[in-house]
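Participant: A single structure is presented below for examination.
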Amino acid sequence: MLNKVTEIVREAAKLMENRNFKVENKSSISDYVTTVDLSVQAFLESRLVPLVENSYFLGEENFKINKDKLCQWVVDPIDGTANFVRDLGASTISVALVKRGRPVLGVIYNPYRDEMFYAEEGKGAYLNGKPIRVSDRPLESSLFCTSLSVYNKDLLNHCINIIEEVYPKCDDIRRIGSAALELSYLAAGRLDLYFELRLCPWDFAAGEIIVKEAGGFIGTIEYDTTVFDRAIPIICANTKENYEFLRKVVENEIPMIPYTD
């Protein structure tokens, strides 16, 4: 199964080589979709759904829950569309198979560096065939990956409050612009802490199982598990100590945030 999925994802990535595309805005000037997003998603849906009986496709461009199906293919055809449009070389295809509300398989591919991150429940996490593991860096040596809530800029001050609390205690900060890639980098030990106040299921589903299988910690404010029917805050870290620290910082800010999903 996993080998088939990675082959399909690699084939889909060839569609990203097309630089002759159109861009359309969705919910805001910062939230848009390209014709390549749509082409990649259509290709993945046609190839993934037949692999698993009683499954359906849940993609960024057609988010519709089907409660009658046992399994979901949770997919972001291009995570980091802004990076893709600007040819920054930091966009991914993210595919997860979610069964009974839990990711059991995840694949994240960055075609620009030919890096395929993947994991299957209980079998570890890998990068191009080699096992990966989160780092053991303490907070003071950690690289903190942040978000500025680009799709809801009303939350910017809350993001800054969290950053101001964490930054003096860590080594440095990064922001890549693709949640799937950022979670993959944390799983591979390149980053150590991560937060986002509002991620959608297709943003984190594959990254969740890859991080967990690499020995990392990922969850939301109240639980060490996630849900796949709405946007939620996501906290991720390399060690339990760093995870609990970051979760407490974000939790202290959450009561002031004016949204409920």
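A Cβ is built for glycine as well, from the same backbone N, Cα and C atoms used for every other residue.
Just so you know, TrEMBL annotations are computer predictions that nobody has curated.
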Participant: Looking at the Mg(2+) binding annotation from TrEMBL, with GLU60, ASP76, ILE78, ASP79 already listed, which candidate in ASP203, ASP229 is the matching residue?
Facilitator: ASP203
Participant: To which of the binding-site residues GLU60, ASP79 does the lowest count of other Cβ atoms within 10 Å belong?
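Facilitator: Counting other Cβ atoms within 10 Å of each of the binding-site residues GLU60, ASP79 gives the minimum at GLU60.
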Participant: Based on DSSP, name the secondary structure state of ASP76 (Mg(2+) binding site): helix, strand or coil.
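Facilitator: It is in a strand.
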Participant: Cβ-Cβ under 8 Å from ASP203 (Mg(2+) binding site), same chain, 6 or more residues apart: which ones?
Facilitator: ASP76, ASP79, SER94, ALA179, ALA180, GLU196, ILE234
Participant: Determine, from DSSP, whether GLU60 (Mg(2+) binding site) sits in helix, strand or coil.
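Facilitator: The residue in question, GLU60 (Mg(2+) binding site), is coil (DSSP, three-state).
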